[in-house]
Amino acid sequence: MSDSPLSKRQKRKSAQEPELSLDQGDAEEDSQVENRVNLSENTPEPDLPALEASYSKSYTPRKLVLSSGENRYAFSQPTNSTTTSLHVPNLQPPKTSSRGRDHKSYSQSPPRSPGRSPTRRLELLQLSPVKNSRVELQKIYDRHQSSSKQQSRLFINELVLENFKSYAGKQVVGPFHTSFSAVVGPNGSGKSNVIDSMLFVFGFRANKMRQDRLSDLIHKSEAFPSLQSCSVAVHFQYVIDESSGTSRIDEEKPGLIITRKAFKNNSSKYYINEKESSYTEVTKLLKNEGIDLDHKRFLILQGEVENIAQMKPKAEKESDDGLLEYLEDIIGTANYKPLIEERMGQIENLNEVCLEKENRFEIVDREKNSLESGKETALEFLEKEKQLTLLRSKLFQFKLLQSNSKLASTLEKISSSNKDLEDEKMKFQESLKKVDEIKAQRKEIKDRISSCSSKEKTLVLERRELEGTRVSLEERTKNLVSKMEKAEKTLKSTKHSISEAENMLEELRGQQTEHETEIKDLTQLLEKERSILDDIKLSLKDKTKNISAEIIRHEKELEPWDLQLQEKESQIQLAESELSLLEETQAKLKKNVETLEEKILAKKTHKQELQDLILDLKKKLNSLKDERSQGEKNFTSAHLKLKEMQKVLNAHRQRAMEARSSLSKAQNKSKVLTALSRLQKSGRINGFHGRLGDLGVIDDSFDVAISTACPRLDDVVVDTVECAQHCIDYLRKNKLGYARFILLDRLRQFNLQPISTPENVPRLFDLVKPKNPKFSNAFYSVLRDTLVAQNLKQANNVAYGKKRFRVVTVDGKLIDISGTMSGGGNHVAKGLMKLGTNQSDKVDDYTPEEVDKIERELSERENNFRVASDTVHEMEEELKKLRDHEPDLESQISKAEMEADSLASELTLAEQQVKEAEMAYVKAVSDKAQLNVVMKNLERLRGEYNDLQSETKTKKEKIKGLQDEIMKIGGIKLQMQNSKVESVCQKLDILVAKLKKVKSASKKSGGDVVKFQKLLQNSERDVELSSDELKVIEEQLKHTKLALAENDTNMNETLNLKVELKEQSEQLKEQMEDMEESINEFKSIEIEMKNKLEKLNSLLTYIKSEITQQEKGLNELSIRDVTHTLGMLDDNKMDSVKEDVKNNQELDQEYRSCETQDESEIKDAETSCDNYHPMNIDETSDEVSRGIPRLSEDELRELDVELIESKINELSYYVEETNVDIGVLEEYARRLAEFKRRKLDLNNAVQKRDEVKEQLGILKKKRFDEFMAGFNIISMTLKEMYQMITMGGNAELELVDSLDPFSEGVTFSVMPPKKSWRNITNLSGGEKTLSSLALVFALHKYKPTPLYVMDEIDAALDFRNVSIVANYIKERTKNAQFIVISLRNNMFELAQQLVGVYKRDNRTKSTTIKNIDILNRT
């Protein structure tokens, strides 16, 4: 394929290209020392075989031999080649073998695999022992280690185990040394549990710790049978290794404690520095510190040391680990694997895309070539067609020049008339503008009046609410004042009572003091006199002994009776006080009831007065509402009648205007036709046929339809242009009016055959019956294919079908081809066509008398309308007054009702108080039984008191008689002294009685004072509360009155503004009526001027029609626009091509109806005249249309018209007879564009694939280089380690496929001392252990890990090898911590720290011992 950027051969070759490109240039750029070992300078450079695109993969293990520095490729070493081996470096100075082996030792090749391909070319390169000296290797190690050197490392200081496995309670294992510690103890003591505890903290599962579940890790013994949890805490510290070989603790970094706790429910928790954490955080932390938890290099368990070296060369499954994956993860090249796989998948997808795009490209190329011949033919046709269009353009422009010269004079006259009409219109527009301004002002005033009315209603409602609030507050004020007056009256009387009671109490207290003083004096006197009396009696003791004893006996008997008398006397006083209190209470309650009943009677009287007032106001309101409702009905009826009158008035105005216009047209038409008919009869003109509408007939039912669809039925039909010109000259000369003419000789022959119409609706032309067939063309020229529909629905269905039609309905609605709809309205056009019944077409014509009559009727109707409008306005004003008075009545009613409601609530409260007072009085009166009880009790007490006095009277008389006897015995002296004593006693009794009476009165007065003070406090509190409440209410009442005053002010302002606005509205109404009169006058003037313009425009129409046809023909000319297509054919300019090509197509000009004889016709004519200018080449563009030049007037006059017409005929014949598909150019252009697009698309796809290939090569090269660099270091370190451990053996890591290390993996080959090369699987147990340890130590040297835990790795080793391993761990691995469990003394004796483990009572314990000898030696 000629233009394909990628041939099939190239594509096949590219598909066979290897995934990894290893060219000489890349090898030369790779100069990293650590990726290769330089060969001797004297070694000749080998001839490398050319790398084939596809190569077979071999699974045969081969020994890796490195080439020179200029070439980094590896080759398999054949078994039959004899070469010197790599010199095995030693960390110690080389010594001569005791067995006589030379320093230059030569390695033997590993055994060939049976499956090794014999066809592969292999080169054996001899390595230089000098170049591979110990010094060179040491440089490589130092360079690598310096890049990964750390400042400090992590080590385990101690383990704290609590109830973990065999460790009961809390046991501390350690501390451990920073480098080499050994865990020792007898079998079964729990040494391996130390490692299990570390694994437990590092997140290993229970099965790795030789248990099934986590709960099995909890210690269980006879002493501790049911512990719930166990825990292990690993205490880490950071240590810095000094260059001297010692180490010190890094004090700047704090220690790290990681704890894990397991529970009986098999769950566990992690802690970092005693804060709860998670498995993820713990493992992330340990990995960041360099502990390899992925491949577990730090952990070598019992019996697992051999597994490291026995790994397969490459993992068989993705989930497995082989030696290749093991090394890649350590070296770090495993990160490249997903990127390489992603790029390889992209290349496969892109190869498919390239193949698909190439196939598409070939198809497009074939299609493009098949269109070449058609393209050339189409280009020739386009050239001829362009010449024909240019010639036609010249001919049209020449004819236009002739027509424009005829038009100039006509335009001047029309321009003058238009100017006059515009002046009148400007005046009219100013009047209209003023009317609109007045209407806007009236509307604004009306809105403001409406706003005032709304505000008025709002103020009325607000006043109603404020009045209600005021009444409520005034009633509350009255109640509070009444309450305060009552409280103050009570307060005054209470103060007076308190004053009287306090005075009485003070007086009684004075009397009490006076009586007490007198009693005291009398008591002293009585004692004195009694002492004298006793002395006298003592002197008469013997004489009166018996009598005195008798008196004493009687007095003792009388003593209880005296006590009873005193008690009865006290009870009588209490009963008298209770009786007095009951009588006083009843009197007060009776007085309270009488006062409340008087108040209720007054309130009821006031309430009745309010109810009568409300009833009267409601009657007035109902009467007002009825009156307003009736007024609204009358106003609505009058308003509707006014609107009807206005509609009739407007219709009459329209009729008057139409009558005037019709009269003017009829007079003009009649004059024109009559004059031209006379001219025909006189023989001065030939070929005049009359009005077009009179030259045929149509059915009556289509009169409105044809009159609406064809206003040109008023056109005059003549045979020739000359006849029409004579007619125009005659009309202009005699100023008879204007006419529009149809020239039969200039009409082209139309296809008059019937057409297929939607729904078979009739064509208007087919319904006309011409008087003479020669008039058919004239009718068709004005009617065309206009259809007649029965209704608007059918007209819509017909007009908007697949093919557009001009449709008119029988009732005069017209749908044009453009989709515009017209017709309808109050005035229906009719009478333009002669009807089949020969009815006159003068139905809508008016005589001057009829026009005068119509205008008189219009004036009368306008006067009636004005009177009716004033009456309606008066009704509206009266109705408004009624509406305004209604809220006042409602406010008065609301106020009275609120006052009545307030009074009713007060009355209810007063009645409730009366009921309570009556109930209290009735209760007090009904408690007569209590009063009777008190009175009876008082009588009973008095009777008992009298009885007691009667009982004691006899004894007192006996005592009196006995005392008289003593008096007789004592003589006058005794009698006189006894009289003194009795006199004093009587006085004392009188005073004691008075004192008791005073104390009782004082106690009562004190109670009255307390009671009056309590009443005083209550009254004062009531007065204070009422006063505060009264202040609040007075403040509210003040604000309410202010709000009412403000409301009144706003109401007055609103009403005044409303009156003012109404006056302004009336003034504007009068102005608007005056303006409307001037507008009506303008309409009459406008009709006259339009009639004049119609006459001028009819003269212009014919000239314009000729120019329009010529311009139409000129404008329809266009050169086929193939510029875009030809540009697409230009290969040099083609960048991107669109598939769509636009062509200029000739648009069919549909018939457009001529201007109607109304205002729109005249406006269109004015606009066309104003915008039309004769063709002026200098003032227009240089081109008629694209590619067609516009000629100047001089150029047009110099044209040879006959020659142009001859050429047009010749070219027209060629164009019509030649059958050419122009679309082939577009198709060819599209194919060419697609060809280039496909080509560019294919090139981009190939470029993208090559870019991905290049990225893949870079990734593979990076992976290969980095892996080989690390692999060589590890391999050479392995040699060193194995030779050191085995004292003369050799070990190598080899690539199974030396050309591609990642295809078959890595194998581990070992040559034990004095033996040949062997695979790791063929070694003994001890040899496997030594090989694995050598690999572990080599990996440690390449990528150290800070911690190693080894469990009896020396089990399969003899004494010598154990010592070698132990010494290596002690001397060469001081940059890591080794914790080794061992039972071999030549292993643990070299440790700096010994951790002893022993078991007692099934519980493991630990102790730590420092190896002083070793520490002193170091």
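Keep in mind that glycine also has a Cβ here, set from the backbone N, Cα and C atoms.
Long-range neighbours of Gly185 (ATP binding site) (same chain, six or more residues apart, CB within less than 8 Å of its CB): Lys191, Gly1396, Val1397, Tyr1398. A coil conformation is recorded for Gly185 (ATP binding site) in the three-state DSSP classification, outside any helix or strand. Per Swiss-Prot, the feature ATP binding site maps to Gly185, Pro186, Asn187, Gly188, Ser189, Gly190, Lys191, Ser192.
What Swiss-Prot lists as compositional bias 'Polar residues' is 34-43 (among others).
Positions annotated as compositional bias 'Polar residues' by Swiss-Prot: 68-97 (among others).
Per Swiss-Prot, the feature compositional bias 'Low complexity' maps to 107-117.
The N-acetylserine feature in Swiss-Prot is assigned to Ser2.
The phosphothreonine annotation in Swiss-Prot covers Thr43, and the record cites a large-scale study or a structure entry as its basis.
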With the fewest other Cβ atoms within 10 Å, the residue among the binding-site residues Asn187, Ser189, Ser192 is Asn187
Neighbouring CB atoms within 10 angstroms of the CB of Gly190 (ATP binding site), all protein chains considered, total 25
Same-chain residues at least 6 positions away from Pro186 (ATP binding site) with a Cβ under 8 Å from its Cβ, in sequence order, are Tyr1398
Residues sitting within 8 A of the centre of the Gly185, Pro186, Asn187, Gly188, Ser189, Gly190, Lys191, Ser192 CB atoms (ATP site), not counting those, run Val1397, Lys1399, Thr1404
